[in-house]
Amino acid sequence: MKDIRTFIAIPMEPKVQSEARSLVRALEAEGDGVRWVPLDDLHLTLKFLGEVDNTRIHGVCQVVRNCCLETPATELHLTGVGGFPNAERPRIVWAGIADGGPILAALVEKLEIEFAKLGFKREPRDWQPHLTLGRTRRGGRKPAQLQQRIADNADRELGHMIANKVCVYASFLDKHGPTYQVMDTIHLE
């Protein structure tokens, strides 16, 4: 038996990835202490499951399929830049989701309920739809400059897209960062 680091997410369309690349170029600076995510794999995480025994993956995919049955495709409006826990001292630099949240929040709640029944840990915080663009490293040398670049791009538009599929991903970590592999795709109607 082997464990697979697993999460459920909506992949971003190429046009959003392109806008995100442009945004990251505006945000990044040498020595900023941020590890920027590979934008080809940009996604909107719905639920992180963690390490899952590979014999349970089929069941995980079935739960996701069942939760998605009555979830319609929805338009997302991607706009704004911020940070968690806040923009002044961000550990995560993110792009925001302005529209489409309520439909996806209902899906996230279904996923939380169904996976809790299977023994997976519920997320302790309310779900906030966002795209993770980067993670700050301890000892970043220029937090004030990063804070200013976030403020300068706070209203930046990344565009619109239709969220019409949900994927179950495997995540493999190495010294260069994560690599993602789609294990299942569920199309939303």
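Every residue, even glycine, has its Cβ placed from backbone N, Cα and C.
Curation plays no part in TrEMBL annotations; they are all automatic predictions.
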### Query
TrEMBL tags one of 62-65, 86-89, 130-133, 178-181 as motif 'HXTX 2' - which one?
130-133
### Summary
Between the ranges 43-46, 107-110, 143-146, 171-174, TrEMBL assigns motif 'HXTX 1' to 43-46
### Task
Could you tell me which three-state DSSP class His43 (active site, proton donor) falls into?
strand
### Message
Among His43, His130, the active-site residues in question, whose Cβ has the most other Cβ atoms within 10 Å in this structure?
### Response
His130
### Query
If you measure His43 (active site, proton donor) to His130 (active site, proton acceptor) at Cα, how many Å is it?
9
### Query
By a Cβ-Cβ criterion of under 8 Å, what residues six or more beyond either terminus of the motif 'HXTX 1' (43-46) are in contact with it?
7-12, 76, 97, 104, 107-108, 111, 127, 129-132, 163, 166-167, 169, 180
